[in-house]
Protein chains: 2
Amino acid sequence: MAKALLTADAARSLVGSVDAFLFDCDGVIWKGDELIQGVPETLELLRKLGKKLVFVTNNSRKSRRQYSKKFKTLGLEVTEEEIFTSSFAAAMFLKLNNFSPEKKVYVVGEDGILDELKLAGFECFGGPEDGKKNIMLEANFYFDHDKNVGAVVVGLDQYFNYYKMQYASLCIRENPGCLFIATNRDPTGHMTSAQEWPGAGTMVAAVSCSVQKEPIVVGKPSSFLMDFLLKSFNLETSRMCMVGDRLDTDILFGQNTGCKTLLVLSGVTTLPDLQDASNTIHPDLYTNSVHDLVKLLQQ
Amino acid sequence: MAKALLTADAARSLVGSVDAFLFDCDGVIWKGDELIQGVPETLELLRKLGKKLVFVTNNSRKSRRQYSKKFKTLGLEVTEEEIFTSSFAAAMFLKLNNFSPEKKVYVVGEDGILDELKLAGFECFGGPEDGKKNIMLEANFYFDHDKNVGAVVVGLDQYFNYYKMQYASLCIRENPGCLFIATNRDPTGHMTSAQEWPGAGTMVAAVSCSVQKEPIVVGKPSSFLMDFLLKSFNLETSRMCMVGDRLDTDILFGQNTGCKTLLVLSGVTTLPDLQDASNTIHPDLYTNSVHDLVKLLQQ
């Protein structure tokens, strides 16, 4: 797989050969709550050129509705239908797999997952509420759990605790057929603009270790999100370009699903990371930030 | 490696050929806070036969002193010197590796680790205290950490939270040369007598995922604890028998260090687990519980 610096020629050729741009958000559009420079102009130009824009994020903390509001706050007009989050993907996974509405979903994660599950018609609990619960590990203490939980969804959870680990473990281990779904396995993320924080992958690793079982992953780089996206839009993946800042999720996702790939260095991946001999994931093209698209196309 | 049911002949031969019995505690001596039947008679008989007894536990929640008290509460006379915990191992690892007393240790774990580190003369913080701390993931929030932390020790932590995950991650990632030490990687343990709970391995998995780095493991099945034990006692491992309930820690530890191995089925491992085609760890001998030793030797 080639990797080449985005030039004016390459930018023109890229824009000419794709109908849709799929953008990761954190590290591409914003960092924490700060817009990355040149994003409004880039999106505006691509829309003018008739390109379809899709925003694909592994961050499960917000629902599509909340993300649409966040875009608006940052001065960007993006509709809910243009946003694909891993929390939405978890809800759609259950829907497409005919998860019984009689069963419940236990959530290790935040409001985004609970909101999307409820919108999809599923009964769910856990989330921030259970972040307040403590455990006293005493001699005969027996921790009970709801035998009617048929799926556990694990995503990024700043209220992660031992109570939730045990609740999720008991459901997965003891409820027959209980699904173990991970929104994503990102080890870190820019939860604030100032620094990196432990990502959903850390909660998934903890629960996975406890139950000694691997989860079904619905976010990037799993192709589930793309399959669902293709059902929603009339597009071919060969005419899409995935734009992201992370090799092991965004770029791998683009490659796994047959998209062109553009790495931007405005997020977690640095040029030395990309060029390191140990790196095996190479995007088609790379550049500093999405703003370069505008600058190069206008040359 | 053979596996055979413990018979009267095998029990006599075993007791005749070893000078020391190394006992795991949880699932062998007790379950949670309940003594396993026949343990007092077994220990008494082995002591009468002149055998050295050593108690080797991966549980880092208590210090050696606290464990000695627990033994006493259960009616067993066991001295601090006979007890080797993974919390003690963590402190001894730092000591033997000349960890500078000028540096600090950050603890993701409970009082046992803090107590052993302090007894060994190290300055440490974190632990249950940091279990009360919350984080608000807001736009410009910057999480500061002590640049003087030279080691992070991760063990079982019922007060595990996002604050500690980030604190540990920042120290390991940003403090040059900072050690990442795991007491052990057990996925589960009988924290209460009523059921299994997520073990230290789950906290280790979360931090390890966040920093994308493997820890130094000081508890079973790592041989560090045995090396230290050999320094403390004048014993040969070929004349020791490791008695445990867990294949991937106790039995593997015994095998890794050249001991004879006896699996007891009174803890997490069942006979079907042992006989499962996927199991690759086979003890020399197995039996239902340590009580069988007494019963067989008296036949």
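Note: Cβ is positioned from N, Cα and C throughout, glycine not excepted.
Just so you know, TrEMBL annotations are computer predictions that nobody has curated.
If you take the C-beta of B:ASP24 (active site, nucleophile) and look for same-chain residues 6 or more apart in sequence within under 8 angstroms, you find B:VAL56, B:THR57, B:ASN58, B:LYS220, B:MET242, B:VAL243, B:GLY244, B:ASP245, B:ARG246, B:THR249, B:ASP250, B:GLY267. Secondary structure from DSSP puts B:ASP24 (active site, nucleophile) in coil. The active site, nucleophile annotation in TrEMBL covers B:ASP24.
Sequence annotations record features per position, and here TrEMBL assigns active site, proton donor to B:ASP26.
Summarising the annotation, TrEMBL assigns Mg(2+) binding site to B:ASP24, B:ASP26, B:ASP245. The DSSP secondary structure for B:ASP245 (Mg(2+) binding site) is coil.
The substrate binding site annotation in TrEMBL covers B:LYS220. Following the DSSP three-state reduction, the secondary structure of B:LYS220 (substrate binding site) is coil.
Close to B:ASP26 (active site, proton donor) in the fold, though at least 6 residues off in sequence, lie B:GLY32, B:THR57, B:ASN59, B:GLY189, B:HIS190, B:ASP245, B:GLY267, each with a CB less than 8 Å from its CB.
Cβ crowding, taken as the number of other Cβ atoms within 10 Å, peaks at B:LYS220 among the binding-site residues B:LYS220, B:ASP245. Highlighted in sequence order, B:CYS25, B:GLY27, B:VAL28, B:ILE29, B:THR57, B:GLY244, B:ARG246, B:ASP250, B:VAL264, B:GLY267, B:VAL268 have their Cβ within 8 Å of the centre of the Cβ atoms of B:ASP24, B:ASP26, B:ASP245, the residues recorded for Mg(2+), and are not part of that set.
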